[in-house]
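> Here's a structure for you.
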Amino acid sequence: MLEKKYGLWTTVSMVIGIVIGSGVFFKADNILIASGGNVKTALLAWLVGAISMIFGALVFAECANRFERSNGIVDYAEGMLSEKFAYLIGWFNGIIYYPAIAAVLAWAAGNYTAILFNKDGNFVWVMAAIYMIGIYILNYISPILSGKFQIASTAIKLVPLMLIAILGIFQGLNNGILIENFSKVSTIGDSGSGFAAAVLGAAFAYEGWIIATTINGEIKDAKNTLPKALVFGSLVIVIIYILYFLGIVGMIPTETILKQGDNTVNVAARTVFGNFGASILTIFIIVSCLGTLNGLILGGSRSFYSLAIRGQGIKPEAFSKLDSKTNIPTNSTIANFILICIYLVVWYMNFKGLFPNKMFVDISELPIALIYGIYIIIYIAYMMKMKDLSFIKRFVIPSLALMGALIVVYGGLSKPSVIIDLGISVFVFLSGLLFYNKK
């Protein structure tokens, strides 16, 4: 049995720390591009994504009050739907959702390190591997220290976001760039892939809050602590993201943002702080990415363990074992590490054009449409099963979460790569049936 070792602030830092990683930095320009350079449309996309997260967090907070075993979302689906469906969710998360996003985070940390030292070529990938291995060693040797790193990195990562937000908004109002960006639509590049695609990008930036529920078996007084962490953490994230986006469009003209792409944050930092200040800010961003990577690995390493203690998945007797010294699910952690390595190779192949017809398999967004489809099913089950709740709690809150999730799913289905994304996601989800043990 996993020990109860994490308190409120570690749990809050899991929610905030996992969500605020690289997504807010390298998706801000993508959202603006998808919005056709229209700042107001992009801001609306951020707000719709926020609605999905905040009201989704309120739903899962109520679930956390009622169901507690190991791996939150699996517990909730098990309590409201069925053991088989809950198992398939856990399988999907363990096979593709956690490790794929973790691989992208390792790359993002390596990418910003390359920017910091002005390196190119394979330096990014070497650093990505080093960061991933380092975080795994930290989690395996000392889960308590890993939790403390989660708190520290969460505090550190708020620094660049708030600096850019505050200074950018004031500067933008002073020099007129913020008002100008809001009053016009850039014509640089294409006309945008649509509002739904912009919301999908925002969903990736907001994604990860549910991962905090994977450690519910290790949270002290989880039924009270986890709901507080989910709601408080979600509100903090939304406020910070909106202010950060306003700060960016207050510092830099829209055309420049669209041209610079993922380098926008570096340009913004140099505009305000100069070269040295920008370097310091980049270090903060690297720590931000590593904090998110730590949270993903912390949660993802429990995936197969949470299935194994239910007698499910591949070799439950092996994956349910805990290290006698560290209380870490050893085999589950190793499996998660191997999967992240595989997805890091896939991400590498994308950038090297090694897939047929130079196809780009975007593993950062690939599983999101299906995971939000799963949320929709849970929200509907919630409205049907939670008969003791008030009308607002039972119907209004999950309906708002449902609407946000529907837009995210629509965004995923609107992508040119929808057949590949959905095909892979559904295949992985259903492949879990091969290892489902009937009781």
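Glycine is no exception: its Cβ is also placed from the backbone N, Cα and C atoms.
In TrEMBL, annotation is done automatically, which means it is predicted and not curated.
According to TrEMBL:
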- 7-28: transmembrane segment (TRANSMEM)
- 43-64: transmembrane segment (TRANSMEM)
- 85-110: transmembrane segment (TRANSMEM)
- 122-142: transmembrane segment (TRANSMEM)
- 154-173: transmembrane segment (TRANSMEM)
- 193-217: transmembrane segment (TRANSMEM)
- 229-252: transmembrane segment (TRANSMEM)
- 272-297: transmembrane segment (TRANSMEM)
- 334-351: transmembrane segment (TRANSMEM)
- 363-383: transmembrane segment (TRANSMEM)
- 395-413: transmembrane segment (TRANSMEM)
- 419-436: transmembrane segment (TRANSMEM)
> Does the transmembrane segment (229-252) come close to the transmembrane segment (122-142), meaning at least 3 CB pairs under 8 Å for residues 6 or more apart?
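Counting Cβ pairs under 8 Å, fewer than 3, so no.
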> Per the 3+ Cβ pairs under 8 Å rule, pairs at least 6 apart in sequence, do the transmembrane segment (193-217) and the transmembrane segment (419-436) touch?
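Taking Cβ pairs at least 6 residues apart, the transmembrane segment (419-436) and the transmembrane segment (193-217) are not in contact, as fewer than 3 fall under 8 Å.
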> Do we see three or more Cβ pairs under 8 Å linking the transmembrane segment (363-383) and the transmembrane segment (154-173), pairs being at least 6 apart in sequence?
no
> Examine the transmembrane segment (395-413) against the transmembrane segment (154-173) and state whether at least 3 Cβ pairs sit under 8 A, considering only residue pairs 6 or more apart.
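In this chain the transmembrane segment (395-413) does not contact the transmembrane segment (154-173) - fewer than 3 Cβ pairs sit under 8 Å.
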> Quick test of the contact rule: Cβ under 8 Å, at least six residues beyond the ends. What residues does that give for the transmembrane segment (7-28)?
53, 104-105, 108-109, 112, 147-148, 150-151, 153-155, 157-158, 161, 201-202, 204-209, 211-212, 215, 219-220, 225-226, 228-230, 232-234, 236-237, 240-241, 244-245, 248, 257, 262, 264-265, 285, 288-289, 291-296, 298-299
> Count the CB pairs under 8 A between the transmembrane segment (272-297) and each of 85-110, 154-173, 229-252, 419-436, then give me the winner.
154-173
> Given a Cβ distance threshold of under 8 angstroms, which distant residues of the chain, six or more beyond its ends, lie next to the transmembrane segment (85-110)?
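Those are 21-22, 25-26, 71, 73-78, 123-132, 207-208, 211, 286, 289-290, 292-293, 296-297, 299-300, 303-304, 306-307, 310, 312-313, 335-336, 339-344, 346-347, 363-364, 366-367, 370-371, 374, 377, 424-425, 428-433, 435-436, in sequence order.
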> May I ask which of the stretches 154-173, 229-252, 334-351, 419-436 has the most CB pairs under 8 A with the transmembrane segment (43-64)?
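Stretch with the highest Cβ contact count: 229-252.
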> Can you work out which residues elsewhere in the same chain, 6+ from the ends of the transmembrane segment (154-173), have a Cβ less than 8 Å from its Cβ atoms?
12-13, 16-17, 20-21, 24, 179, 181, 240, 243-244, 246-251, 265, 268-269, 272, 281, 284-285, 287-288, 291
